Each structure stands twice: as C-alpha cells, then as structure tokens.
C-alpha cells in the first residue's frame, strides 16, 4: 500500500514531479508527485 500526505515544504503551484520530490525528501518521504489542483503530494510505502 502507498501512504500519501500533502507536502509541508512545497510552495506554489506544482508543475514538475522532480520539484515536488525534492520537497518531500526534506520531510523524509522518498517520493512526491504533483496531483490535481497543482498540489504536491508526498508518497511512501506503508
């Protein structure tokens, strides 16, 4: 299963998954993707 949470560090509209991933990395979450409404969502295995 994959756990998801909104990024606390990401600011602004999410256009590139790589930028989102960097923000999630700071939160010790290995993955991050842009989701609808231009938000950054961090993901990791549960």
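Glycine residues also receive a Cβ, built from the backbone N, Cα and C atoms like all the rest.
These come from Swiss-Prot:
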type	residues	note
DISULFID	3-46	disulfide bond
DISULFID	14-34	disulfide bond
DISULFID	20-40	disulfide bond
DISULFID	24-42	disulfide bond
### Task
Return the member of 3, 14, 46 nearest to residue 40 (disulfide bond) in space, with distance defined Cα to Cα and candidates limited to these disulfide-bonded residues.
14
### Query
Considering only the disulfide-bonded residues 3, 20, 24, 46, which residue has the minimal Cα-Cα separation from residue 14 (disulfide bond)?
20
### Task
Report the nearest neighbour of residue 46 (disulfide bond) in space among the disulfide-bonded residues 20, 24, 34, comparing Cα positions.
24
### Query
Between residue 34 (disulfide bond) and residue 20 (disulfide bond), what C-alpha distance do you get in Å?
7
### Task
Could you check which of the disulfide-bonded residues (20, 24, 42) sits closest to residue 3 (disulfide bond), going Cα to Cα?
42
### Message
Can you tell me whether DSSP puts residue 42 (disulfide bond) in helix, strand or coil?
### Response
strand
